[in-house]
């Protein structure tokens with residue numbers, strides 16, 4: 001039976017990335033050493049790190065005002081690290097609460113300064129993106145979650161604001177071109193579109209750093225990581241390596257425009273199928289639907305368990321909705337082939353025919 | 001040419017661990033999925049994590065007063081996380097400064113409370129372990145670095161103290177049996193004796209937690225990680241998996257007694273060779289020499305570069321001393337076969353004959 005991997009993260013990676021990573025664990029670039037046993041200060045790893053950084057800058061078209069860091073931890077680490085570096089005790093940061101991750105990010109920020117939730121979509125169970133809100137001029141920054149992995153919504157146009165914009169792009173990074181220079185800081189856990197779990201990437205505009213009075217623990221200080229070139233301590237070598245391979249694959253396949261075209265095709269196929277079959281129902285505002293994480297439900301809740309059982313039986317992995325939301329979630333990251341989405345849609349149709 | 005890997009970390013891992021990890025990247029346990037793309041809340045990963053935790057408890061003979069956590073980051077993260085969780089602003093922690101890592105740990109603690117350096121071996125360039133020192137009764141804890149990777153010293157008997165003892169065991173963890181219950185907290189970055197870079201292990205006695213007034217960021221709070229069973233956020237899945245495999249290997253090979261016997265044999269061979277050849281010289285007090293990281297010098301500094309060149313030519317990887325110390329450093333972790341130490345000693349003798 002073939003397996004179709006719709007996991008929300010850790011999630012599917014390109015086949016060629018897996019193959020190369022598997023080989024490198026036995027022999028890295030003909031050195032006779034495993035990639036797991038090379039020193040992180042050797043030219044061997046320097047080449048890996050520099051290629052990863054260069055690929056990010058190229059894909060995002062960043063200039064030298066920005067630095068790219070690969071750090072330990074995931075996006076949850078950044079929920080703390082962002083305000084620790086940017087928000088003084090007496091300052092206020094603006095947060096959009098469009099779902100579970102934005103809410104968690106705001107909660108951590110409240111340990112470091114004041115938090116102003118300028119947009120809250122809990123009134124409609126986070127099924128839309130609120131775009132009409134004001135950000136106080138003295139807010140230190142505005143934080144948004146560009147794609148809500150759990151709820152299935154996505155910002156398709158980034159907000160225009162006068163304060164520094166910060167984006168948690170964990171679940172839609174490198175899925176489409178954008179004007180990334182609108183952001184002063186972008187972060188993402190790697191384990192969706194960028195690689196394996198265990199590393200997070202931070203893109204930071206240098207001019208927002210150094211504006212607070214707090215003493216920052218060394219390992220949390222972006223400036224110290226910049227000085228050390230992401231080598232302040234032993235980095236998560238293998239996770240950085242897998243990110244480098246995945247970024248190389250994105251570029252070789254045609255870059256962000258190509259990723260967007262594939263994403264458009266996959267998500268159109270799935271959403272059209274949902275909309276055409278009354279047995280399924282999407283609660284998300286159409287214009288805010290996520291192209292990477294489609295969250296939907298069985299119109300008759302009694303059919304949810306049988307449908308998920310069928311998915312399991314047919315090798316559709318990771319399609320159960322998030323534990324607090326329920327329903328179905330189909331994640332369509334860069335590495336997911338459209339044939340997997342087609343197979344899933346065929347199964348939906350088969351199920352609809354039998355249960356229509 | 002065969003390669004002998006004396007890297008100080010990331011460092012050599014058992015061959016069978018590499019082979020199994022390499023296979024799992026293509027197909028994990030016959031699931032048709034890569035270990036890089038499995039969900040961290042699935043039974044697949046639960047089994048990995050629980051085996052890793054169980055192996056640590058078994059090897060260290062820990063009772064239920066202790067919890068074992070696998071967290072993002074390395075030991076450097078713990079330099080901050082330990083005092084953040086345990087040291088209130090008006091309290092004092094005692095630190096032993098036996099070298100670069102202990103000094104860094106003390107520096108981070110000073111951001112959270114008062115630090116009392118109760119033993120400082122910089123008077124003799126950190127070439128010994130100071131054992132006669134007093135710890136104030138009101139110290140919140142005493143922090144030691146059980147093995148000094150850079151300087152080449154090691155605690156062979158842990159100190160007896162009346163306050164909670166905390167050990168950074170990054171570079172000698174699982175190299176020998178000990179009464180680990182002497183410690184209230186033990187931490188270690190994985191990339192030496194325990195696995196790949198990108199995860200650190202914390203063993204913590206629960207009764208020392210919850211004694212401070214500070215608000216701790218969620219991702220840094222040991223209690224929250226205990227509640228969540230090391231699954232508060234997406235863990236570094238692959239790094240935990242490699243640790244599990246390495247722990248499984250240690251147990252299969254005979255556990256900590258066997259690791260100690262091998263370590264004794266390897267380090268005796270190397271130190272005897274150093275002591276027998278006047279061209280080499282060790283500056284470390286004999287009773288404090290590290291069994292995992294032998295640091296030594298060429299008696300004639302002019303011979304250092306030629307010796308290191310010869311090592312490179314003969315496939316001896318990672319034997320250059322730490323950048324601030326110079327000289328030669330030979331790391332002999334669990335996975336290093338004694339044949340590699342023998343090959344290195346043969347090369348030392350050959351060099352001594354030509355330059356004696």
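Placement of Cβ uses the backbone N, Cα and C atoms for every residue, glycine included.
Going by what TrEMBL states, the pyridoxal 5'-phosphate site holds B:75, B:76, B:101, B:168, B:191, B:233, B:234, and the candidate of B:121, B:149, B:153, B:211 recorded there is B:149. Proximity to chain A, defined as a CB-CB distance below 8 A, holds for B:234 out of the recorded positions B:101, B:149, B:168, B:192, B:234. Across B:75, B:76, B:101, B:149, B:168, B:191, B:233, B:234, which the record gives as binding pyridoxal 5'-phosphate, the greatest C-alpha separation is 31 Å.
Under the three-state DSSP scheme, residue B:101 (pyridoxal 5'-phosphate binding site) falls in the helix class. Considering only the recorded positions B:8, B:41, B:192, residue B:149 (pyridoxal 5'-phosphate binding site) has B:8 as its nearest partner by CA-CA distance. Rounded to a whole number, the distance between the Cα atoms of residue B:168 (pyridoxal 5'-phosphate binding site) and residue B:41 (L-glutamate binding site) is 29 Å. Contacts of residue B:234 (pyridoxal 5'-phosphate binding site) defined by a Cβ separation under 8 A and a same-chain sequence distance of 6+ are given as B:40, in order along the sequence. Following the DSSP three-state reduction, the secondary structure of residue B:168 (pyridoxal 5'-phosphate binding site) is strand. Set side by side, the binding-site residues B:76, B:149 differ in how many other CB atoms lie within 10 angstroms of their CB, and the most is found at B:149.
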